[in-house]
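Asker: So TrEMBL lists these for the protein:
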ACT_SITE  D172  active site, charge relay system
ACT_SITE  H238  active site, charge relay system
ACT_SITE  S563  active site, charge relay system
DOMAIN    63-135  domain 'Inhibitor I9'
DOMAIN    163-600  domain 'Peptidase S8/S53'
DOMAIN    415-479  domain 'PA'
DOMAIN    679-777  domain 'Subtilisin-like protease fibronectin type-III'
SIGNAL    1-38  signal peptide
Amino acid sequence: MDNPKIHRRCTLRGLVLRVAAAVVLLLLSPAAVTPVASHNDHGVHNNYLILVRSAYEYDKKLHQNVSSWHASLLASVCDSAKEALEADPSAMTRLIYSYRNVVNGFAARMTPEELEKMSKMEWFDRSLPEQTYHLLTTHTPEMLGLTGGDPRRGGLWNTSNMGEGIIIGILDDGIYGGHPSFDGAGMKPPPPKWKGRCDFNKTVCNNKLIGARSYFESAKWKWKGLQDPVLPISEGQHGTHTSSTAAGAFVPNASVFGNGLGTAAGMAPRAHIAFYQVCYEQKGCDRDDILAAVDDAIEDGVDILSLSLGHEDAIDFSDDPVSLGGYTAILNGVFICAAAGNTGPSPATLVNEAPWLLTVGASTSDRRFAASVKLGDKVEVEGQSLNDPNTTVGDPRPLVHDVDGKCASESVLMAQNITGKIIICDAGGVVSTEKAKMAKRAGAAGMIVVVPEVFGAVVMPRAHAIPTVQVAFAAGQKIKEFMQTSRGATAAFVFKGSVFKTPQSPMVAPFSSRGPNRRSRGILKPDLIGPGVNILAGVPSIEDVELPPDAAVPRFDIKSGTSMAAPHLSGIAALIKHAHPNWSPAAIKSALMTTAEPTDNLRQPIADVDGKPATFLALGAGHVNPQRAIDPGLVYNMTAAGYVPYLCGLNYTDQKVSTIIYPEPAVSCAKLSRLEQDDLNYPSIIAILDQPPFTATANRSVTNVGAASSTYVVEVEVPASVKVEVNPPKLTFKAVDEVLNYSVTIKSADGRAPASPVEGQLKWVCGKYVVRSPLLVVAGARQA
């Protein structure tokens, strides 16, 4: 159960450990706390990821382990490191991380001169400077068909046993271990394969939260000699929210100030959580920390990895920790799910593009936190609010519009005499929660926030310091027009609470990053979308709201982002993994994609924020449908080795391919048959018509996981501008796990390259099974 003292005690303990370590080191060795290995270690030091050439591996006869080998490599070019190693083989403080699984290399702190010297070593491949990544930030189980109408029984939860025995690894910014969502009551112990550790005390670690570790190389550098682990605590909400979304336990009476009241639960309520802290409020998410966490998670025994983080740029697969760690994960049978990014709706903004990752965009749900602005002429303008639905601003109050529109200056608000009035604030300047604090100090009775026009009809309410209604841009213009045409304009608020079955749901979230895939144009990304707007889940406390001294600390809040969508899919993948323990990561991914829904709850194409049908570059294969994904009929299966000829086909050098696929043996692309992107056995199909006669052929293999004896017939839906031929048009299976092949030939109907992308779909149909692949036809070069 929730114990607020646990969080405070853990926080204090972490502080005491840091302070105690500092005091001891200062008393015993004044030089020990300097960010250098020894007193004669001069120069500016930076962190680097050092990649070792694939031909070089450690000799077990010469070195005790990989770490000692890496230490000797570092010592060969760093005088201070050599001194430290000679004095005490365990005192190699310049070596930050020694990687065992994800890459052939290590992270170290070095001067530019040392790096230059190292670059001349024959074992040296390349170095990568420190790089920072960023976090991409009750009702959804029912919406997704997990509950069957009952929050504890029925639906997919009944057939998947709620993910029991599956371990989900979460990489994020910290976790509030004492949250009721992580209560281990009724949970079985983790499976024997679990080898990880939980650095909280026994009152926090349990059969739900089985692992909790912190990765902070700069802290380890500064406080070297600290024996006790730094606790994976964060005062922020992100890590607790994502973890409880993926696998939170059942928590009754969960709400945000009475909104969304119900029983909260993650997608896989009986799955175990292993938490790896790699992100920090001021520091972001360091690449080397991410690699180290994935390295450990694979050895710890996780089944699923969930990463709600990414870089703002398209990173080369051989340099990107999510891609590198992801490949090693699938090599070990670990399914990996990553957020697509929050820089939509602009095109080509997507991150985490590698085909072995499940890349998840965000969608709305059918729940609204309804509120309205009741104007003086009795017209009600709909919006959303997290104000308690049992409260009201029922008496008409004068309406005022901030002089600069954005309510970004407290002094300006004070000068406007807004006491007792409702102020209208446009987007921009500071965040709306800060505007509410300033408006409260200026005496405002309430606030109307007009969201940016680019958000369309999507509103993402937050808890504010004063009664607040957030309205879409078009609704905001109606309110402003009323003010301009009405003398003494007034308004009141009506808070209505949660409203369900909103028409035209789901919809693609405006912030969800879009394709095309910048690193591999022939692979459609995102793979699919899942709930990521106004998601209610566990948090340490509500941010930006002042509570009465005797008020209970709220333990749930609403957050939006592809960060929220990714753990939904991670939890759903855990349900599928439990139902099909022998399925590969590629099979689970295929099941999720080929059963995804392209239509909304009105059976119309899923819309984008402009109200028009969303393109495949926004929604991928469609919106996740867990009920169908657990029994997909056919899957597009692959082993990790299947990506090697694809990487060669992208013209990666042998060394870069070997870096990606480590610890597999080094490869020579010249000795392999290169695979074109459209021939990768992927559940979606992109045909690139790059030269006359503008024809492309994609080859696929499907594995039967449905009825042993079954015949699937192909159905193709494409515009008249392209012609598609599937050979053979019928697939007849005689056994489960039987594999059959087919080819798809796509050609331009008029012999010219398409002027704009052409979308269609290919479906293999057999009774209840509809195995659907989006089909995208584009012109241009194959290489990004």
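Don't overthink the numbers, they just go from 1 along the chain as shown.
Cβ coordinates are placed from backbone N, Cα and C, and glycine is handled just like the others.
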Asker: Applying a 10 Å Cβ distance cut-off over all chains shown, what neighbour count does D172 (active site, charge relay system) have?
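Answerer: There are 29 such Cβ atoms around D172 (active site, charge relay system).
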Asker: Give the residue from the active-site residues H238, S563 that has the most other Cβ atoms within 10 Å of its Cβ, counting over every protein chain displayed.
Answerer: S563
Asker: On the 0 to 100 pLDDT scale, where does the domain 'Peptidase S8/S53' (163-600) sit on average?
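Answerer: The average pLDDT of the model in the domain 'Peptidase S8/S53' (163-600) works out to 90.
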Asker: DSSP says what for the domain 'Subtilisin-like protease fibronectin type-III' (679-777): how many helix, strand, coil residues?
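Answerer: DSSP composition of the domain 'Subtilisin-like protease fibronectin type-III' (679-777): 1 helix, 61 strand, 37 coil.
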Asker: Would you mind reading off the Cα separation of H238 (active site, charge relay system) from S563 (active site, charge relay system), to the nearest angstrom?
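Answerer: That separation, Cα to Cα, works out to 8 Å.
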Asker: Work out how many Å separate S563 (active site, charge relay system) and D172 (active site, charge relay system) at their Cα atoms, rounded off.
Answerer: 10
